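As recorded in TrEMBL, the features of this protein are as follows:
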- 65-84: transmembrane segment (TRANSMEM)
- 104-124: transmembrane segment (TRANSMEM)
- 136-155: transmembrane segment (TRANSMEM)
- 161-181: transmembrane segment (TRANSMEM)
- 202-223: transmembrane segment (TRANSMEM)
- 229-249: transmembrane segment (TRANSMEM)
- 288-309: transmembrane segment (TRANSMEM)
- 321-340: transmembrane segment (TRANSMEM)
- 352-371: transmembrane segment (TRANSMEM)
- 414-435: transmembrane segment (TRANSMEM)
- 455-477: transmembrane segment (TRANSMEM)
Amino acid sequence: MDSSEKEGLVVVEEPLSSTSEQSAHISNQTNLHSAETCKKSNIFSVFLEPIQWIQMLSSQLNPTFIIGIVLVYGLNLGFSGSFFKVVTDYYWKDVQKVQPSVVQLYIGLYYIPWIMKPIWGLLTDVFPIRGYRRRPYFVVAGILGGTSALMVAVIGNLPAAVALACLIGVAAGMAIADVTIDACIATNSIEVRSLAPDMQSLCGVCSSAGALIGYSTSGFFVHHLGPQGALILLAVPPVFITVLGFVIYEMRSSGLNYEKQKTMENLGVAVRGMYQTIKFPQVWKPSLYMYLSLALSISTHEGQFYWYTDPKAGPAFSQEFVGIIYAIGAMASMVGVLIYHKTLKDLPFRNLLFFAQLLYGTSGMLDLIFVLRWNLALGIPDYFFVITEECVSRIISRIRWIPMMVLSTRLCPIGIEGTFFALLMCIDSLGSLTSKWGGGMVLHMFHVTRTDFTNLWLVILIRNIMRIATLGLIFLVPKADQSDALIPPDILTKNSTAISDDEGLELVKKNENDEV
């Protein structure tokens, strides 16, 4: 019995051990299978998350509003803005055959519609059409931009002044559509505050994606259609903007006369508030720095562009390669955003802008090395050097630009923050215009022409010196951290008079009597 029991025990133990081994093997296979499934799900989630995010926004907000952001920021600003930049450079150079210094003056005029952004915003608020504040202005923007693009693309031998007016019309169409969708975004951000960051992220993603496509394809179309023929593509986005004006959801306003009168009264309050705010040293000093930092950095873009594409004096880059340079630069800008977000957003304003401006000036020496052809003496090919220079320049420019935008938001008083921010953006656009015109004058003074680039290196050196000299104005920037409040919250009310208080009480009393 004992022996048989032992034998039985042995017989029982053997299948148990084999079963455990099999179960362990099956468990390992299951784990491997689940790991593979996890990896596949992670890969799919990369593609599914943006779609789910868009679906979430569409469910929380109106789907036509989301379509509007994609069309305006992705197609109208991202694609058209980048495509416009490259194609118009070739148009002035090869079709109109204008000197680079003159083109700088012309491009400066493109900024005028953007300087007028507060006026466009005022029109959409104060002057509704048939009861709608936003929809008609999308239609106006689309018709203006599309007609201007068709005229300059189809009509041959246009005088330079007429062509310039048409291109300014294209820029005006972009600016009006931008202001109108921004007004829609502001409204939705107030109504659904939790989704305000998501809306801004969607704007940034659409703009970057559109810019990549625009830069990547611009050289191809210029090469195959010519500069003037390629301009006809700029008439396509305005068609979608016009259609957007008919489909985007907007409730029709009632009581327009009362609302218009109220808006005009608010406009007067906003103008007085802006005047009162800009007098504070905490506000006008950093505003002055932002303007001067842009204006003193004179633009030499057209002189360098003519040299890039010159077959004798320059490296003779093709149209396709010029587009690729800008496309890679657009990707580098996104890297600059990531660098700022991960490592620089907690630094004080003055320290960050000081080192950003210092890098901005010293990195400009790469242009000098390239124009003097020292890169070839070092054994560095032109295509590699110019892409490296473009990436470095875009990253530093983005790191320098973002804290300026953050600083601008910190200077806006509560109650007129939208209007005052638009004023600060006007100052920035005015600084860019001054930079373009100043650069054009310097190019003209040193006789940099379509074929003579002898003094281009000297113009670039002057530009770099002026960038570094801007460091002497850094005392205008506050030392505060980027999260600090720079102006008192009662900046608009602490100097209010007793008369204005009495007027406010009378208005309330009148409303109460009306209700009774």
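Using N, Cα and C of the backbone, Cβ positions are placed for all residues, glycine too.
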Residues from the same chain, set at least six apart from the ends of the transmembrane segment (104-124), whose C-beta lies under 8 A from its own:
88, 92, 98, 133-134, 137, 160, 164, 167-168, 171-172, 174-176, 178-180, 182-183, 267, 299, 301-303, 418-419, 422-423, 425-426, 429-430, 432-434, 436-437, 439-440, 443
Which sequence-distant residues neighbour the transmembrane segment (352-371)? Criterion: at least 6 residues beyond either end, Cβ under 8 Å.
293, 297, 300, 304, 307, 344, 382, 385-386, 388-389, 392-393, 396-397, 399-400, 403-404, 453, 456-457, 460-461, 463-465, 467-468, 470-471, 474, 477, 482
Counting Cβ pairs closer than 8 Å, which of 229-249, 321-340, 455-477 has the most of them with the transmembrane segment (202-223)?
321-340
Where else in the chain does the transmembrane segment (455-477) make close Cβ contacts, counting only residues six or more beyond its ends and a cut-off under 8 Å?
285-286, 288-289, 292-293, 296-300, 303-304, 307, 349-350, 353-354, 357-358, 360-362, 364-365, 367-368, 371-372, 407, 439, 442-443, 446-448
Count the CB pairs under 8 A between the transmembrane segment (136-155) and each of 161-181, 229-249, 321-340, then give me the winner.
229-249
Using Cβ atoms and a strict cutoff of less than 8 Å, what residues sit near the transmembrane segment (161-181) while being 6 or more residues removed from its termini?
68-69, 72-73, 76-77, 80-81, 84, 88, 91, 96, 106, 109-114, 116-117, 120-121, 124, 134, 137-138, 140-142, 144-149, 151-152, 234, 238, 241
